[in-house]
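S.K.: This is the structure I want to talk about, given as structure tokens.
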Amino acid sequence: MGPRILESNDLKAISNYIKSGECKNIALMLGAEILVKGVSTAAGIPDFRSPGTGLYVWDFIPANLAKLKLPYPEAVFEVNFFRNNPVPFYTLAHELYPGKFRPTLTHAFIRLLSEHSLLSMCFTQNIDTLERRAGVPYDKIIEAHGSFATQRCIKCQTPFDDDKIKDMVVNFADRKVVPRCEKKGCKGLVKPDIVFFGESLPRSFAKAPSIIRSADLLIVIGTSLTVYPFASLAMICPNNCPRVLINIDSVGDIGSRPDDVVLLGKCDEVIRELCEELGWEEELMKLWEETAGSTDNSAADAGPTTATLPGSKPNRMEDEKLEQEVAKLAEKIRKEMELEEGKSIATATKGPAESPIEKIPTDETITLAAQSQSAAPSTQEVSAIAAESISSASTPVLSKAPDNKEQQPFNEAQEGQPEGKP
């Protein structure tokens with residue numbers, strides 16, 4: 001192993017390294033809000049693993065989405081289930097749809113790195129498009145699990161109009177209208193280009209290994225590092241590249257190498273401290289303030305539209321306010337679910353069963369296989385989501401690794417599906 005890069009394993013050492021001129025290519029890995037308290041939860045987007053919010057994936061979904069005939073919680077993110085019953089997904093999509101939430105300080109930091117010509121790439125599991133809304137250049141973002149930015153028919157792959165699906169999703173609670181393909185003779189279900197179990201990762205993800213291996217610094221923010229193949233990126237980072245984890249909890253193997261730095265705490269608070277050390281705080285705040293108009297006030301039931309400004313001291317009032325907003329959100333979803341109880345969902349699935357999902361033909365694909373029912377995508381994969389998806393045992397697996405599971409290497413010999421438009 002070569003000489004150490006960092007003078008110590010703390011925030012000041014990271015700051016000094018960034019300012020040294022030796023750190024020219026910084027890669028970021030952003031976590032999905034449904035897996036751990038990730039970047040987007042600071043924006044007010046519900047964290048599906050936070051107990052007490054009513055949205056905890058193992059408590060809320062079994063108790064509520066089961067009323068809509070879910071055989072198990074993860075089914076809401078599976079293509080085969082979506083094909084037969086898209087209502088649960090669109091119920092969640094209504095609450096998570098872009099335009100309701102404001103980018104956070106962490107999103108502003110990503111843009112700041114780009115403006116300092118230090119950002120090589122931002123790999124994100126989030127599907128909320130907040131990186132774009134923060135002004136991060138699109139060519140510096142790889143949405144590993146897709147996003148809400150585009151959508152298409154799952155049967156014929158025909159793109160669907162942006163404005164039409166937005167209207168359907170933001171008004172789904174009232175209308176319960178599921179988007180369907182408008183191509184003559186098709187009528188297939190339309191789904192946002194979020195990676196579900198059963199689908200390929202975006203083709204751009206195949207570039208990840210070369211980008212990671214050429215990085216001078218890898219910063220991992222707000223992720224559990226349990227969803228593959230995304231989590232593999234931290235593993236293939238070379239030993240001469242310092243790795244920084246900014247997260248509520250220690251995850252993965254970050255901390256095992258001499259130049260690893262683990263900074264535990266809320267993402268925005270740690271990022272603000274780092275920018276203070278770098279002398280960038282004024283720039284950071286200016287970029288964050290520019291995002292104030294990034295929410296869509298015309299969206300129905302918009303919910304929380306501002307992020308809490310993190311400071312050196314916790315703001316309990318703001319935290320309590322956010323908890324109340326999330327609780328209201330959970331209660332609203334619960335009531336919407338009760339409206340569906342006892343009703344037939346045949347209207348959403350009327351007609352002959354569709355054939356298994358048609359994939360865009362490619363010679364090489366990165367296809368995800370679900371190894372067990374315990375693997376939920378981001379929304380993330382959600383997490384969704386996510387975007388995260390299924391199918392051939394010979395391809396990289398989208399799965400939440402059990403505690404005793406060996407970390408899975410990244411298979412870089414394969415490509416995924418074409419990208420949606422920016």
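Quick reminder: no glycine exception, Cβ is built from N, Cα and C everywhere.
Annotations per TrEMBL:
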- HIS145: active site, proton acceptor (ACT_SITE)
- 32-41, 47-49, 125-128, 223-224, 247-249, CYS267: NAD(+) binding site (BINDING)
- 383-394: compositional bias 'Low complexity' (COMPBIAS)
- 4-281: domain 'Deacetylase sirtuin-type' (DOMAIN)
- 292-320: region 'Disordered' (REGION)
- 340-422: region 'Disordered' (REGION)
S.K.: State the Cα to Cα distance, in Å, between the residue listed as 'active site, proton acceptor' and ILE127 (NAD(+) binding site), rounded to an integer.
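M.R.: Their Cα atoms are separated by 7 Å.
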S.K.: Can you tell me how many other Cβ atoms are located within 10 Å of the Cβ belonging to ASP249 (NAD(+) binding site)?
M.R.: 10
S.K.: If you draw a 10 Å sphere on the Cβ of HIS145 (active site, proton acceptor), how many other Cβ atoms land inside?
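M.R.: The answer is 34 other Cβ atoms.
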